[in-house]
Structure formats: C-alpha cells, structure tokens
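Per Swiss-Prot, transmembrane segment is recorded for 27-49, 70-89, 94-116, 123-145, 155-177, 184-206, 216-235, 242-261, 271-290, 303-325.
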Amino acid sequence: MYSNKPSRKPHTFQFRGKQLQASDSLFFIIALLCLLPIISSPVALILGFTLASFGFVPTKLNIAAATKKLLAYSIIGLGFGIHLDQAIAASTQGFGLIVGSIFFTLIFGWFLTKALRLDQKTGHLIASGTAICGGSAIAAVAPAINARDDQTSLALATVFVLNSIALFIFPAIGHLLEMSQHAFGTWAAIAIHDTSSVVGAAGAYGDEALRTATTIKLARALWIVPIAFLSALLFKGDNKKIGIPYFILFYCLAIVFAHFVPSLESIYSHIFVASKRLLVVCLFLIGSGITIQKLRAAGLKPLLLGVLLWVAIGVGSLSYILLNVA
C-alpha cells in the first residue's frame, strides 16, 4: 500500500542567492570555529579534508574563488605584523646561506618534479614551501600561479607532515651533535618549513637559539615577495601578460605603512592576529577541496618530493653550519 503523504523535502536555506541544504550548515560552523585559536592550521586542513571526504562540502558555492580572495586578504594583513627595520636587519644576517638555500631548493625541486613526473604546480608549491616558510609561502604562491585547490592541499599536507616531524627530531639532532645555540638556531631557521615549528624547535633548544632562529626566519620569509613574482612569471603559460599577484604589492605597502605610521601599532597587532586566523580558515577551505579519491590519484609522489627536498636542504645546511658557524 502506498502512502498519500507527501515526501518530506530536506530543509534548505539561502546564502548569497544560493539554495543550500541544512546539512551544509556544519561546513559553515566549522569554518567560523577556525577563526578561534582552538584550531591550528594542520587541524583546519584535516577538518576540511574530512568534510570533503564525507560529502559535507556545499557544491553550489564557488569555494575556490572565495579561498583565493581570502588568501589575498590574509597575506596583506600579515604585512602589518612585520617591522620594516627588523626586516632590513634580518636580511643582512646569513644572507648568502638564505639565498643559496632558497634557490637550491627551488631548482632541485624543479628537477625532482620532472624526474618523478609529478604535476608541475604541485611540485613548485612543495618546493616553495620548503624553500621559504611552509604554509605561508604555499598560500602566497598558489594564487600567483593559479593553482587548483587539490594541488595546494597536497603541498600543504606534505609540508605539515614534515613540520610535525621536525619539531621533535631537530632538537634531538642538535643535542646529539652538541651544536651551539647560535648554530642550532641558524639551522632550524633554514631547514624547517613553517615559522611555528621553527619557533617551537628553537625554543626547546634555548633562548639564544630562539632569538637567532626568529631573526633569520624573518629574513627567509621576506622572500615570499620575489618568489611569488617569479612564480607568476614561470607559470604564465601561453599568456602574453603575467598574472601579477597584486596582493603581494599590498603586502609590501602594509609593511611600509606600519613603519611610517607607528601611532596605530595597537590596530596593526589586531589586524595581524585576525589575518593569521583568517589564514587558518583558508586552509580549512583548501582542505575541503581534496578527497581520499584525489589523494589516491596523486599517490606518494608529493610526499616523496617533500622528503627528498627536506633531507637535501637539511643535510646541506647542517654541513655548512657545522663548518662555518660557531
């Protein structure tokens, strides 16, 4: 016997003119929670990946376009947290080692990407993250080369895995080799991807190591600007015009503005903190663009590339530092 009762339609709601399912609200709730300090960058990426794998990501929203805009805003905001005088001073410390390690990593990464037959943009993002400052570099370079969310997610996942490992093994290696505070701080700043892991590893080693690592890491992070422009040039394809990442220009302007208008320091600090949280939201959105099926399709090549680059820069910089840095 068939029932004459009408079937219950799923609850829906409107968002910017789009008809969304009530189940999609979980996606927005977690996105908002990413603004709180209780969720770290790796956790945000994993949450996005988990929702995507279980089909809880709204399909009617252009999440990729929103992510690109939010990434630009967050990178610009981070510029207000960098002091120009500190940036200039940091650039003079270990300049040769910083420049050499960055370009070695990018060039070696290019050859390895070719050898492994890995997607060019994914390989370049992993190399950029290894060469400069992990997730922040990947977030800045990705829109400059018009990388897809799955390419960005694979690069971020690779870097975050290696970051977690570095946090534990670097201090152990430093103590085993009886490295000085200054030498270890230099090594951590050169060979560890993300600033958070650099600070964590160096802080565990000692106060002097932390000061050295923070200063050199800042100088390394400043290379986000030229590398983003270089990346846009390399991946312009058949287009005659280069896709200039204008947010990088505003990032530089934010640094300069904060320097010449110091009276607004309290506001800058709030903008900087808010931008860091917005970056976490972006990582959640990026994670929502990749599923288990996409990871299986990519295979182990992205992780293998990340490990090979990391070992090369880690061993190479360690050898140089042990021979030349007191």
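Cβ atoms here come from the backbone N, Cα and C positions, even for glycine.
It is 123-145 that, among the stretches 123-145, 155-177, 184-206, 303-325, forms the most Cβ pairs under 8 Å with the transmembrane segment (242-261). Ranking 27-49, 94-116, 216-235, 271-290, 303-325 by CB pairs under 8 A with the transmembrane segment (155-177) puts 303-325 at the top. Sequence-distant neighbours of the transmembrane segment (123-145) (same chain, 6+ residues past either end, Cβ-Cβ under 8 Å): 41, 68, 71-72, 74-75, 78, 101-103, 105-106, 108-110, 112-113, 116, 151-152, 154-156, 158-160, 163, 193-195, 197, 217, 220-221, 223-224, 227-229, 231-232, 234-235, 243, 245, 247-248, 279, 282-283, 302, 305-306, 309-310, 313. Put simply, of 27-49, 94-116, 216-235, 303-325, the stretch with the most CB pairs closer than 8 A to the transmembrane segment (184-206) is 303-325.
Segment contact is absent for the transmembrane segment (70-89) and the transmembrane segment (303-325), given fewer than three CB pairs below 8 angstroms at sequence separation of 6 or more. Same-chain residues lying 6+ beyond the ends of the transmembrane segment (94-116) with a Cβ under 8 Å from its Cβ atoms: 122-124, 126-128, 130-132, 186, 189-190, 216, 219-220, 223, 227, 301, 304-305, 308-309, 312-313, 316-317, 320-321. Counting same-chain residues at least six beyond the ends of the transmembrane segment (303-325), those with a Cβ under 8 angstroms from any Cβ of the stretch are 97, 101, 104-105, 108-109, 112-113, 116, 118, 123, 126-127, 130-131, 158-159, 161-162, 166, 173, 177, 179-180, 182-183, 186-187, 190-191, 193.
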